[in-house]
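A.B. asks: Before anything else, here's the structure in question.
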Ligand SMILES: NC(=O)c1ccc[n+]([C@@H]2O[C@H](COP(=O)([O-])OP(=O)(O)OC[C@H]3O[C@@H](n4cnc5c(N)ncnc54)[C@H](OP(=O)(O)O)[C@@H]3O)[C@@H](O)[C@H]2O)c1
């Protein structure tokens, strides 16, 4: 198939393009060019912030357009300007309105769509994704993939890599972890998600799909992380109230403990009912393989991790206990 990936130079989009090339498709990636697409893909430089930014891609018809955008204006202009037989939009579990229950299905309520073309802050992310979904679905045959946390090699956020990395590089015999060890966790390996998205595109599958890994809990993830790191360090569960007193946050950002959210209303956030995707062919490698490979990637990381505790944070917390 003749595939256009809008994006294709960053984490998931790059892997989608790589996977499509490996499956024998012709692939064009289009972005501003802050990073390279995979070898073998054609590259077209575009700026989707401009109203006519897609002009270099018009005047032809694509078999499938895959879009990873966040800004509704980017997606509204893409469906307006690009002719395609089929579209796949990569959305997010953030589209849902409520995260208090685990494993929500695709018919759970979503947020109201963002009317504006541009998010005014990251708080608009879920509503922006809903607006993008609606624009793509209104344009013709399409699949929407609501992804959960994407892990594996190239996870610049560090959320999937932090725990294996921390167990591989403890500052002492113990590793600081939240005592909320039953927190529900799930993640999907970027390679499994990308391969499945290409498969959906090739078969022109329509519909809305949740996509993440099986539900597990923080304790199980920590066990796998310590094992793949070959670490003898022991988890040191710290009461959530104590973490708060010490200025340690959750999920993402400086001085945080990832894969955990300190809010009962977000307890189901990481998990999704994925029966529909699995019936449509989504398969997942074991978490052990994802964490082994993301640890190898973490050891070569060139940008700062955007979550977790630095060695200084870790020592400060352990000393304070
Ligand atoms: N990471 C997660 O855990 C997670 C979880 C759920 C859902 N998701 C979704 O999964 C997807 C991740 O995709 P990704 O890793 O490929 O995305 P990404 O990191 O958001 O990259 C965005 C892509 O779009 C391009 N781009 C950004 N602004 C542009 C502009 N103004 N004009 C043209 N191109 C532009 C970027 O390249 P340039 O900068 O070179 O232009 C890049 O190729 C997103 O849809 C995200 O919402 C992620």
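Every residue, even glycine, has its Cβ placed from backbone N, Cα and C.
As annotated in TrEMBL:
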type	residues	note
DOMAIN	4-81	domain 'NAD-dependent epimerase/dehydratase'
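Where in this structure would I find these features, and how exposed are they?
C.D. replies: Taking the domain 'NAD-dependent epimerase/dehydratase' (4-81) as a whole, pLDDT averages 98 in the prediction.
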A.B. asks: Within the domain 'NAD-dependent epimerase/dehydratase' (4-81), count helix residues (DSSP H, G, I), strand residues (E, B) and coil residues, in that order.
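C.D. replies: Per DSSP, the residues of the domain 'NAD-dependent epimerase/dehydratase' (4-81) fall into 25 helix, 20 strand, 33 coil.
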